[in-house]
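Q: The structure's right below; bear with me while I get my questions together.
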Amino acid sequence: MASSTSISLLFLLSFLLLAISRAENAPNGSDLDEELAFLAAEESKEQQHHAHHDQYRDFENYEDLEQGGEFHHGEHEGGGEYHHQEEPQFPIVDEKDVAVLTKDNFTEFVGNSSFAMVEFYAPWCGACQALAPEYAAAATELKGVAALAKIDATEEGDLAQKYEIQGFPTVFLFVDGEMRKTYEGERTKDGIVTWMKKKASPSIHNITTVEEAERVLSAEPKVVLALLDSLVGSESAELAAASRLEDDLSFYQTTSPDIAKLFEIKNDVKRPALVLLKKEEEKLARFDANFTKAAISEFVSANKVPLVINFTREGASLIFENSVKNQLILFATANESEKHLPTLREVAKSFKGKFVFVYVQMDNEDYGEAVSGFFGVTGTAPKVLVYTGNEDMRKFILDGELTVKNIKTLAEDFLADKLKPFYKSDPVPETNDGDVKIIVGNNFDEIVLDESKDVLLEIYAPWCGYCQSFEPTYNKLGKYLKGIDSLVVAKMDGTTNEHPRAKADGFPTILFFPGGNKSFDPITVDVDRTVVELYKFLKKHASVPFKLAKPSATPEQVITTKKADEKIESDGAKDEL
């Protein structure tokens, strides 16, 4: 008689054959359930296969851990129990002097406050909860000086998106309704109060003696002076309002022609008159517009920086915090700079307030290679390009000699919207037959924007720990879907390739481009990054219905199965004997 073990194995084999037979003849309505069950089973087998290899793992990508973060649970080495860290207990805070803002009252609140500090927070954020009592105490002490408010960014998503909130808490200073600075000081009552009182202190100073004027001219690297009829009144108020929008230079006013003469304002000039003096190659800028806060602020913003800013750690803030976002950038080595910088300065005089002019020393080992790589500038030959800033990141390269005429034409054509942007691209792969297609800037249109295909695209960065962890899952998805002609699984290195239709909010970003709808924005894939969930997303959104082509058994698997069957039969025969 056969042993109970052999009978059980034969019964199990018969059951599996019956199940397969039923599955092959199941109605179409159960296809998705079967496919998901298959994928889940494959994932489960994969996890079991690797389980014993993953018992002890080191954390290699420290960038994946939040700074200052802690492990909230972990497996105990001996007993296998999980120990949960208790949530910190924060005191109840009296926030009577902190205004609560929404999209309905935000504009009115900041517009009616000369100085307003606004915190974007999330209710679950521990750092926000720790800040709350300090922020509330500061609000009480600053009553009459500045207004403090808070916004729940999880509820007010439109405002959070408008101000590009990337983390919590984020605190901004608003002056006369305009966002001016991010608060990066100490998160204490005293730190906040000291910083705000300094911002709200008198912003213009009177000069009444020649000695005062000489001291200012000697000590200040750049200064704004206005010659007025009176040190009080509407013109002084406009000057004061404009000065509050600036943090890095001092504003002065006088009624004395002799003092104004020291600042290169002529005696016969019509009042009000205003100049900006700098200890740089371009020493003097004269104001010639209506004497209003907006016009004065625009003049100062356009003239306070050097004609050309050297890209250094110190100069970066002058570039990226400037109200002018368009940048005209010269890339040149140190040896070439003496030849081309005078040309760039000459062009800069004609486009104040329209561009920030920047020089990047390509052979500077601290930043030159990194900045050049970011813009896709290769080689050592000097180049000039226009950059629209980090909002849409378009670039336009000058094709021609670096002359005053050519650079001016580039700037004028950009302002007239006549230029075609340049996008970075790796070389197009010679072969692209993998389960996951390789996308670069120069084959994006051909593959991703093919209207006959549904395309799933991952935008990744090679250094990104999250991308590295996700790669095996994405590769498995590509393997399962490789035989489906209407569907493409693809990836693109977002650090070396660009395309206007591939905007990454971070790495990895996963986008879906449905067939027949490539003129519309892609769908951001916001599901759990597992094979099963990504497959469910594709089944729901694909323009061309598809069915999973389950991989057939390999010859090795067939031989192994045959040997197993033969062993069962042999064992059964032995038992019967």
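Every residue, even glycine, has its Cβ placed from backbone N, Cα and C.
Caution: TrEMBL annotation is automatic and unverified by curators.
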Q: Which one is it, Cys128, Cys467, that TrEMBL ties to Cys464 with a disulfide?
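A: Between Cys464 and the options Cys128, Cys467, TrEMBL records the bond with Cys467.
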Q: For the feature region 'Disordered' as recorded in TrEMBL, pick the matching range from 38-57, 178-197, 418-437, 558-577.
A: 558-577
Q: Long-range neighbours only, meaning 6 or more apart in sequence with Cβ under 8 Å: which ones does Cys467 (disulfide bond) have?
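A: Non-local contacts for Cys467 (disulfide bond): Glu458, Tyr460, Ala461, Phe507, Pro508.
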Q: Within 10 Å of each Cβ, count the other Cβ atoms, then let me know which of the disulfide-bonded residues Cys125, Cys464 comes out lowest.
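A: Among the disulfide-bonded residues Cys125, Cys464, the lowest count of other Cβ atoms within 10 Å belongs to Cys125.
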Q: What is the separation, in Å, between the Cα atoms of Cys464 (disulfide bond) and Cys125 (disulfide bond)?
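A: Answer for this pair: 24 Å between alpha carbons.
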Q: In the domain 'Thioredoxin' (81-201), how many residues does DSSP call helix, how many strand, and how many coil?
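A: Final tally across the stretch: 39 helix, 28 strand, 54 coil.
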Q: Output, ordered by sequence, the same-chain residues six or more apart from Cys128 (disulfide bond) with a CB under 8 Å from its CB, or 'none'.
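A: Looking at Cβ-Cβ distances below 8 Å from Cys128 (disulfide bond), excluding near sequence neighbours, one finds Glu119, Tyr121, Ala122, Phe168, Pro169.
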